[in-house]
Amino acid sequence: MALLTAETFRLQFNNKRRLRRPYYPRKALLCYQLTPQNGSTPTRGYFENKKKCHAEICFINEIKSMGLDETQCYQVTCYLTWSPCSSCAWELVDFIKAHDHLNLGIFASRLYYHWCKPQQKGLRLLCGSQVPVEVMGFPEFADCWENFVDHEKPLSFNPYKMLEELDKNSRAIKRRLERIKIPGVRAQGRYMDILCDAEV
């Protein structure tokens, strides 16, 4: 399995509200772990957005291509740098409805356009369709770091300090997500009534 470089993880899972110079693009990455209920070895991999295919759609296509045994249950855990956009939320819900032998859990480092109504609706749709969406905390960042990152090369930073900082930053994002899950709740001091049609 291909692994992320430590620097890619450090940059792309960075959940600070504002970036410092030099600026860099925050890409959409999805790391997944598929664990059979029978205790077999988990399958892992990752995807990033392509020009005409979001990482979530690449993930769905990959799982479909595996020809999984539908008489067996599987736990699927996904770690994303950005929460799914509204379009991908619908695709994920349809996918899980058609594959009820899969239990999917989504953990995101950051919330994608969280102030926009379509994205809020997408997150609520997922949570209401037995696809829990949560913000990554220390356990999820640590698990992602351990299982999806190449640790062979020397590091230019302290990984434990990085994980602690990610966990600290995630607390405000978790509160934001909890407000989104409840329609009509005030967010950032104002009603979340901004219309936004932006998509990547």
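The chain as shown is numbered from 1 upward.
Any Cβ shown, glycine's included, is placed from N, Cα and C.
Residue ranges 22-44, 160-182 are listed, and Swiss-Prot annotates 160-182 among them as coiled coil. With C85, C88 listed by Swiss-Prot as binding Zn(2+), the candidate from H54, H114 annotated for that site turns out to be H54. When the alpha carbons of C85 (Zn(2+) binding site) and E56 (active site, proton donor) are compared, the span between them is 9 angstrom. C88 (Zn(2+) binding site) is 6 Å away from E56 (active site, proton donor) when you measure Cα to Cα. Over all protein chains present, the Cβ of H54 (Zn(2+) binding site) has 22 other Cβ atoms lying within 10 Å. Each of the binding-site residues C85, C88 was scored by the number of other CB atoms within 10 Å of its CB, and the largest score is that of C88. Predicted-model confidence for the coiled coil (160-182) is 95, expressed as mean pLDDT.
In the three-state DSSP scheme, C85 (Zn(2+) binding site) falls into the coil class.
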